[in-house]
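Enquirer: Starting off with a structure, shown below.
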Amino acid sequence: MNHLTFDRHRRLRMTESLRSLVRETHLLKEDLIYPIFVVEGEGVKEEVPSMPGVYHISLDYLTEEMKEVKSLGIRSVMVFGVPDEKDEKGSQAYCEHGIVQKAIRQIKEDVPSLTVIADTCLCQYTSHGHCGIVKDGEVVNDESLELLAETAVSQARAGADIIAPSNMMDGFVAAIRKGLDQAGFENTPIMSYAVKYASSFYGPFRDAAHSTPQFGDRRTYQMDPANRLEAKREAKSDIEEGADFLIIKPALSYLDIIREIREEHPVPLVAYNVSGEYSLVKAAVQNGWVDEKEIVLEKLTAMKRAGADLIITYFAKDVARWLDQ
Ligand code: PBG
């Protein structure tokens, strides 16, 4: 055997302490952003059927929930509103007393140290379920921009620390930046869903947010999963328009895109571990087919290894607990 020459890679794997000494990627609680769904009414805490462990909560449960999140060591939440009323123009999205505006105000008052990120979109608020204004059966770009800017400003006014526009209209970062600046929010950062694919992995979210399009689909504004170069163009536009963070979404089937954008843009990069990615794991766990903790930590570590700095995930509370063990 002595005449064989080869590298002994196993040397560095022999004990857990050696393995941890040479570990290249670390998942931290600070990396986690926890999405929540707030609804009107009182005494509501209802599990979303396709997302076990994810709830619709009314404002009277919100503070308690946020205190728990904070005590687990999570620093940021992303707030989605599920309004009672919808109309053609999504007016509840930019109404001063909209559900999201009320939720943001309450969190900033009761648990001010949490960073509140507001999802800025119209799809939960429009009767047709699209992310912009619809005319003659088409989602029109430029008119939608005004409403999106108005939505962002109303969220900033309510106290949002970061604005996260997810609508995929062209020019949305420019329009929102301008709107925020004019309203005196030049220090409010934009976390742009720069690279958002038209993905089947959003299915359970649309159950949770009641935002399924009533006709057609989102392919005229969200990206074709087959495209890589287009992701670079989208990221470049958003950076030029003033985005402070870039989100890539979904995460797991798009790790190559995360790596690619990481290499091109020196800005904080966020991976969105979306609803379908969550539900698939939960279903397998419920069947006893996989070990939840092991599989979730592996997936999130892979997102960081690919180049993500932050991860938006419905698993955030579980992960924070596991990281403490
Ligand atoms: C709103 C929005 C969606 C998600 C985040 N913001 C749904 C969509 O674009 O249809 C999906 C999040 C998830 O699946 O977890 N536009």
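Each residue, glycine too, has its Cβ placed from N, Cα and C.
Checked TrEMBL, it gives:
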- LYS196: active site, schiff-base intermediate with substrate (ACT_SITE)
- LYS249: active site, schiff-base intermediate with substrate (ACT_SITE)
- CYS121, CYS123, CYS131: Zn(2+) binding site (BINDING)
- ARG206, ARG218: 5-aminolevulinate 1 binding site (BINDING)
- GLU234: Mg(2+) binding site (BINDING)
- SER275, TYR314: 5-aminolevulinate 2 binding site (BINDING)
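Help me picture where these features are in the structure shown.
Expert: Within 10 Å of the Cβ of LYS196 (active site, schiff-base intermediate with substrate) there are 25 other Cβ atoms, across all protein chains. DSSP assigns LYS196 (active site, schiff-base intermediate with substrate) to a strand segment in the three-state reduction.
For LYS249 (active site, schiff-base intermediate with substrate), other Cβ atoms within 10 Å of its Cβ number 23.
In this view, CYS123 (Zn(2+) binding site) is surrounded by 23 other Cβ atoms within 10 Å of its Cβ, with every protein chain counted. CYS123 (Zn(2+) binding site) falls outside any helix or strand according to DSSP and counts as coil.
When other Cβ atoms within 10 Å of the Cβ of ARG206 (5-aminolevulinate 1 binding site) are tallied across all protein chains shown, the result is 16. The secondary structure of ARG206 (5-aminolevulinate 1 binding site), as reduced to three states from DSSP, is helical.
In sequence order, ALA194, VAL195, MET223 make up the list of same-chain residues 6 or more apart from GLU234 (Mg(2+) binding site) whose Cβ falls under 8 Å from its Cβ.
Following the DSSP three-state reduction, the secondary structure of SER275 (5-aminolevulinate 2 binding site) is helix. Applying an 8 A CB threshold to same-chain residues 6+ apart, the list for SER275 (5-aminolevulinate 2 binding site) reads SER50, MET51, PHE201, TYR202, GLY203, PRO204, PHE205, ALA208, TYR314.
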Enquirer: Near ARG218 (5-aminolevulinate 1 binding site), meaning Cα within 10 Å, which of CYS121, CYS131, LYS249 (recorded positions)?
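Expert: CYS131, listed in sequence order.
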Enquirer: Can you list which of these recorded positions (CYS123, LYS249, SER275) have a Cβ closer than 6 Å to ligand 1?
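Expert: Once distances to ligand 1 are taken from each Cβ, CYS123, SER275 fall under 6 Å.
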Enquirer: Which residues, same chain and not among CYS121, CYS123, CYS131, have a CB within 8 angstroms of the centroid of the CB atoms at the recorded Zn(2+) site?
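Expert: Sorted by sequence, the hits are LEU122, GLN124, TYR125, THR126, HIS130, GLY132, SER166, ASN167, SER211.
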Enquirer: Just give me the nearest neighbour of LYS196 (active site, schiff-base intermediate with substrate) among the recorded positions CYS121, CYS123, CYS131, ARG206, LYS249, Cα to Cα.
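Expert: For LYS196 (active site, schiff-base intermediate with substrate), the closest Cα among CYS121, CYS123, CYS131, ARG206, LYS249 is found at LYS249.
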Enquirer: Validating a neighbour-count step here. Other CB atoms within 10 A of the CB of CYS131 (Zn(2+) binding site): how many?
Expert: 27
